[in-house]
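K.L.:
Right, I'll just put the structure down here and ask away after.
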Amino acid sequence: MKPVTLSTLNRYKQEKKKFATITAYDASFARLFANEGIPAMLIGDSLGMTLQGHDSTLPVTVEQIAYHTRCVRAGAPNAFLIADMPFMSYSTPEQACLNAAILMQAGANMVKIEGGSWLIPTVKMLTERAVPVCIHLGLTPQSVNVFGGYKVQGREEAAAEQLKQDAMALEAAGAQLAVLECVPVSVAKTITGSLNIPVIGIGAGNVTDGQILVMHDLLGLTPNAPKFSKNFLQEAGSLPEAVRLYVQQVEQKLFPQEQHSFN
């Protein structure tokens, strides 16, 4: 695989080429994902649930994300790596810069932060200091205690409009990628069409520029897997074939389908 950059992902959006991304936490799986055509990987704070066994992402630390970023970079030297900034690691712009530096030095190409327009000063400060930023809107797992659980966001007209306004404001502040999680397909379509930056969806239908799944969901390892996930290993005969099938179905708009989406 040739080195994947932000320019690569931007070109995919311009060419309307759907692309598949995935969470990764170690060198072996990262190598497998890269070999099967995954251009970008997220070192997600989801590791708090998938690897550590917690019931939320809140206990994850910056040091843990940095450790797993180094592991993934070793296995996928040419992939575009997005590192999650954990809970309360970016509560001020200054704190965000210090913690983002740790993740970038560990091998990340970009950091991801969850939230709305309150993040504008943080996005500006990070991008002014050469740290590319991915924003995460909709269901933001670090806010699970505020939401009262993992619930679909943006179903009401006012909430949907707020998501769109937040996304546009954060793009204007310098964000270069967006993740939309658990929002109605109509909302995802509007936001994706309103932004110039690539939008990656999870539980947002097949109208976004790219898709992402937690690797454990894709491989059928998650008990009570979320509606938006699919066990690709069930249809495939091996791990590489499962990943290849995921990539193909995303590129051909065969995944996600209506049963994986919200209205």
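Cβ atoms are placed via backbone N, Cα and C, with glycine included.
Features from Swiss-Prot:
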BINDING   D45, S46, D84, K112  3-methyl-2-oxobutanoate binding site
BINDING   D45, D84, E114  Mg(2+) binding site
ACT_SITE  E181  active site, proton acceptor
K.L.:
Among the binding-site residues D45, D84, E114, whose Cβ has the fewest other Cβ atoms within 10 Å?
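P.N.:
Fewest other Cβ atoms within 10 Å, among the binding-site residues D45, D84, E114, is found for E114.
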K.L.:
Between K112 (3-methyl-2-oxobutanoate binding site) and E181 (active site, proton acceptor), how far is it from one CA atom to the other, in Å?
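P.N.:
That comes out at 13 Å between the alpha carbons.
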K.L.:
Which chain-mates of the residue listed as 'active site, proton acceptor' that are at least 6 residues away have a CB under 8 A from its CB, listed by sequence?
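P.N.:
In sequence order, H136, L137, G138, L139, T140, P141, Q153, G201, I202, G203, A204 meet the Cβ cut-off.
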K.L.:
I need the nearest neighbour of E114 (Mg(2+) binding site) among the binding-site residues D45, S46, D84, using C-alpha distances.
P.N.:
D84
K.L.:
Cβ within 8 angstroms of the Cβ centroid of D45, D84, E114: which residues besides those meet this for the Mg(2+) site?
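P.N.:
Near the Mg(2+) site, beyond D45, D84, E114, sit G44, S46, T57, V60, M85, P86, F87, K112, I113, H136, P141, Q142.
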K.L.:
Note down the number of other Cβ atoms within 10 Å of the Cβ of S46 (3-methyl-2-oxobutanoate binding site), including every protein chain shown.
P.N.:
20
K.L.:
Quick check: in three-state DSSP terms, what is E181 (active site, proton acceptor)?
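P.N.:
Reduced to three states, the DSSP call for E181 (active site, proton acceptor) is strand.
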K.L.:
Does DSSP put K112 (3-methyl-2-oxobutanoate binding site) in a helix, in a strand, or in coil?
P.N.:
strand
K.L.:
According to DSSP, which kind of secondary structure is S46 (3-methyl-2-oxobutanoate binding site) found in, if we only use helix, strand and coil?
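P.N.:
Where S46 (3-methyl-2-oxobutanoate binding site) sits, the three-state DSSP reduction gives coil.
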